[in-house]
Amino acid sequence: MLSASANKLSRLKEQAEEYAALIMEELDPERLGYIEKNAFKVMGYCLLTAKGAAETLKFNMALILMPVCRNTITWLRSTKLGLFVPFDDNINFHKTIAAAISIGVILHVGNHLACDFPRLISSSNDKYKKLLKNDFGSPKPTYIDLVKGTEGVTGVLMVIFMAIAFTLATRWFRRNLIKLPKPFDRITGFNAFWYSHHLFVIVYVLLIIHGEFLYLVHIWYRRTTWMYLAVPVLLYAGERILRFFRSGFSTVRLLKVAIYPGGVLTLQMSKPPQFRYKSGQYMFVQCPAVSPFEWHPFSITSAPGDDYLSVHIRQLGDWTQALKRLFSEVCEPPVAGKSGLLRADEATKKSLPKLLIDGPYGAPAQDYSKYDVLLLVGLGIGATPFISILKDLLNNIVKMEEQADSVSDTSKASDVSVASSNESTTPNRVPSKRKKTLKTTNAYFYWVTREQGSFDWFKGVMNEVAELDQRGVIEMHNYLTSVYEEGDARSALITMVQALNHAKNGVDIVSGTRVRTHFARPKWKNVLSKLSSKHCNARIGVFYCGAPVLAKELSKLCYELNQKGSTKFEFHKEHF
């Protein structure tokens with residue numbers, strides 16, 4: 001009917017049912033009421049399951065590349081699509097597709113090896129010659145023949161490579177949670193994950209070959225594997241080529257290095273002229289002396305207005321451990337008045353290791369400026385995405401104060417000039433400068449850590465905020481979980497000394513900054529409830545970086561409070 005309608009054959013359209021019956025009569029001589037292939041009569045539903053799984057594999061193997069096209073994701077999240085599509089969840093989406101691929105592989109390979117092939121080789125010679133000879137050739141193949149063919153070899157190799165890559169990508173292997181004896185310990189950690197993931201280059205080549213040598217499909221345009229993969233593979237290849245050339249132009253000069261308690265390495269480097277970023281974004285860093293191939297993502301902790309770039313790197317995996325060892329060799333104990341356990345800069349060390357950078361890339365925190373109020377929550381090193389935001393907010397506050405003073409001085413000078421001039425018939429007009437206003441009226445920063453030494457990481461930023469933020473836009477709360485909560489007898493003396501010293505000297509005895517430290521963990525329900533009451537009808541952006549457990553709690557609290565009051569909380573979690 002559609003065909004007749006498209007070709008404007010109205011009479012043919014009226015007889016569509018009659019002609020459809022004519023087609024079925026030709027293709028369904030046994031009057032089954034449906035059309036089936038000859039192979040189904042031998043291999044049954046095992047074949048349908050295997051082929052159905054194969055179609056999902058083609059689609060998912062194409063789709064899995066999209067979430068790791070980071071330049072494309074960064075661009076898309078700035079478009080209107082970013083309002084509807086959760087681009088910041090790209091890595092979780094990538095993992096979900098990987099799980100779907102695992103299921104597809106099990107169904108496809110399992111049905112072929114355990115069902116299709118045994119049914120084929122056990123079929124009678126007469127049945128085989130009548131139904132499958134044109135597809136599988138003559139004589140009837142053995143099980144080994146089916147496995148050692150191009151389809152079988154490519155399929156088995158793909159399963160082996162994918163099993164290796166999937167296994168080493170699991171949390172237990174990637175994060176060194178499984179302790180293996182030497183030399184097997186080399187297959188755990190981020191390095192093993194990173195290198196094994198590049199086996200997928202071989203997998204994609206094998207997949208295209210596998211898709212071109214199909215037993216039951218003989219017409220080229222029905223071999224659709226390459227059609228699924230063409231665009232995503234070209235897009236991903238383009239991304240990698242772009243990153244390769246861009247990183248070559250983004251060689252940076254190290255300005256300062258510091259190693260802090262808790263195994264945190266701070267790198268301050270020159271900012272390339274073409275490198276423009278927003279607070280909250282991240283970039284990839286490569287150190288050729290550690291590995292000429294590996295790139296690792298880190299939040300940018302400098303503000304866009306700074307004339308340098310900085311990152312804070314915690315020693316968590318094998319690559320970060322090697323990086324810290326490398327910089328420990330060129331660092332020296334700090335001179336008086338300088339923070340950090342070890343330090344180095346251009347003046348003291350002329351041969352600092354070379355670094356390459358690539359980025360910047362989009363992250364949830366970069367959209368902070370569209371909210372009325374911010375709640376920034378960082379656990380341990382999870383504070384890094386928000387340091388740049390605090391610096392940026394502080395820079396904007398200082399600029400606004402300077403603009404306000406400038407406009408005030410200009411207005412006063414204008415008033416004096418007008419008052420002293422009796423000859424002018426009209427008063428002098430001074431071009432009015434509009435004071436730039438921030439949409440964000442308040443920011444609340446909660447930093448929760450279990451190590452006292454962690455406060456050294458951002459001591460300078462905290463003191464700067466406390467000193468320059470005269471209007472109280474930024475409110476900072478440090479929490480040290482290793483100390484018993486306030487009110488507990490075991491921490492009473494520390495609390496008393498802390499209060500006395502802060503009142504007298506303006507310095508917190510725990511953090512060594514002007515920001516007073518609280519003990520134990522924050523009561524998040526109380527924190528969010530107070531914000532809801534204080535900022536009625538406001539749109540509050542809640543940004544979190546840390547362990548997944550607290551993410552669930554904060555997300556749930558945001559949802560509950562949104563149902564009750566006029567204040568709207570929007571929760572965002574950082575993903576790498």
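Using N, Cα and C of the backbone, Cβ positions are placed for all residues, glycine too.
Here the structure is a predicted model, which means the values were calculated and not measured.
Annotated compositional bias 'Polar residues' per TrEMBL: 408-429, in sequence order.
What TrEMBL records for 247-367 is domain 'FAD-binding FR-type'.
Positions annotated as region 'Disordered' by TrEMBL: 408-434.
Annotated transmembrane segment per TrEMBL: 152-173 (among others), in sequence order.
Look at TrEMBL and you will find 194-220 (among others) tagged as transmembrane segment.
Taken from TrEMBL, the feature transmembrane segment applies to 373-390 (among others). Within the chain, the transmembrane segment (373-390) has long-range Cβ neighbours (under 8 A, six or more residues past its boundaries) at 262, 264, 279-280, 282, 298-304, 311-312, 314, 363, 365, 440-451, 454, 457-458, 461, 465, 474, 476, 527-528, 531, 535, 538-547, 550, 554, 569, 574.
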Open item on the list: How about long-range neighbours of the transmembrane segment (194-220): same chain, 6 or more residues beyond its ends, C-beta under 8 Å?
Closed with: 37, 39, 58, 61, 135-136, 149-151, 154-155, 157-158, 161-162, 164-165, 168-169, 226, 229, 233, 293-294
Task: Helix-strand-coil residue split for the domain 'FAD-binding FR-type' (247-367), DSSP-based - done: 18 helix, 45 strand, 58 coil
Task: Whole-number mean of pLDDT values that fall within the domain 'FAD-binding FR-type' (247-367) - done: 81
